[in-house]
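Chemist: Grabbed the feature section from TrEMBL, which reads as follows:
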{"type": "DOMAIN", "residues": "26-82", "note": "domain 'RING-type'"}
{"type": "DOMAIN", "residues": "121-163", "note": "domain 'B box-type'"}
{"type": "COILED", "residues": "185-252", "note": "coiled coil"}
{"type": "DOMAIN", "residues": "271-329", "note": "domain 'COS'"}
{"type": "REGION", "residues": "327-366", "note": "region 'Disordered'"}
{"type": "COMPBIAS", "residues": "334-347", "note": "compositional bias 'Acidic residues'"}
{"type": "COMPBIAS", "residues": "353-366", "note": "compositional bias 'Basic and acidic residues'"}
Amino acid sequence: MNFTVGFKPLLGDAHSMDNLEKQLICPICLEMFSKPVVILPCQHNLCRKCANDVFQASNPLWQSRSSTTVSSGGRFRCPSCRHEVVLDRHGVYGLQRNLLVENIIDIYKQESSRPLHSKAEQHLMCEEHEDEKINIYCLSCEVPTCSLCKVFGAHKDCEVAPLPTIYKRQKSELSDGIAMLVAGNDRVQAVITQMEEVCQTIEENSRRQKQLLNQRFESLCAVLEERKGELLQALAREQEEKLQRVRGLIRQYGDHLEASSKLVESAIQSMEEPQMALYLQQAKELINKVGTMSKVELAGRPEPGYERMDQFTVSVEHVAEMLRTIDFQPGTSGEEEDEEVAVEGEEGNAGAEEERTDGRESTGQH
């Protein structure tokens, strides 16, 4: 069904009334505001019933005022600007009424005797029957039409209904759909907010666990460095003790060698003496010295293998293999891990102290 819409010239006052009428339309029900009108924190207006519908859709678990228990409030978003409206325990009934808008509506209704959109309806004309208004709705074809089209025209075999009835029905359906869509948008926004909070929590937890991981591996490295220093000190002490003993023997043998060499030189010089009497005066003493020097026993040399240091060999293969098996342990909370690290640190310090004591005792035995 084709139809045309024609707008006849309006007076200036009527045009102003139309503009005023547009400012008094609720964005939810698309009707003129009904008393009482509530004003939101963002300064936009809603019918209290529409505001309550949007609020109930966004807060399905909220208890009404008539129930025995009252919830602590709720929130929804303004359908005009998406500003979040936070309500107290009174819900929508806690919003302030806009008395100015209500007074303007009263004045407008007094000045205008026609229903909302009556001018547009008066100028909606049938294209096939130019003098006929569009006043019925064809349910079969789902288009508005005129009475003549139903009686004589293309819709004579169709099922029709009064135009105001279908108008109110579809406007109510659209209003409910808008409320559901607004509530759905609020739920989606809430989910997005929750997921953003989850992302932030993931980053914070990951940062914390990285710090703990670095601290624990630094603790392991500190233990290894401490133990390495202790073993190196034990090795250095053993090296110094053996070197002092061997060097003392070297000095003792060197002194004996020097004295023996000097005695040999003296004996050779004495043997070159041509005078027998003079030679005999010195020979007896030299013979005694040579005999005594040849009979002197020096301290024994170090036993075979004394120079070996392989008793200080350390086996780290099993420790390295154990370190390679370090992995995350699921199900362990951060606080429990902190306590375990503290206990392990105390046990490690006690074990290290025992090992240092054992190392000093074994070094003293060497």
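From the backbone N, Cα and C atoms, a Cβ is placed for every residue, glycine too.
No curator has checked TrEMBL annotations; they are predicted automatically.
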Chemist: Quick one: average pLDDT across the domain 'RING-type' (26-82), no decimals.
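Modeler: Over the domain 'RING-type' (26-82), the predicted model scores a mean pLDDT of 73.
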Chemist: Could you tell me how many residues in the domain 'COS' (271-329) are helical, how many are strand and how many are coil under DSSP?
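Modeler: Summed over the domain 'COS' (271-329), the classes give 32 helix, 0 strand, 27 coil.
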Chemist: From the DSSP assignment alone, can you count helix, strand and coil residues within the domain 'B box-type' (121-163)?
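Modeler: Counts, helix then strand then coil: 8 helix, 13 strand, 22 coil.
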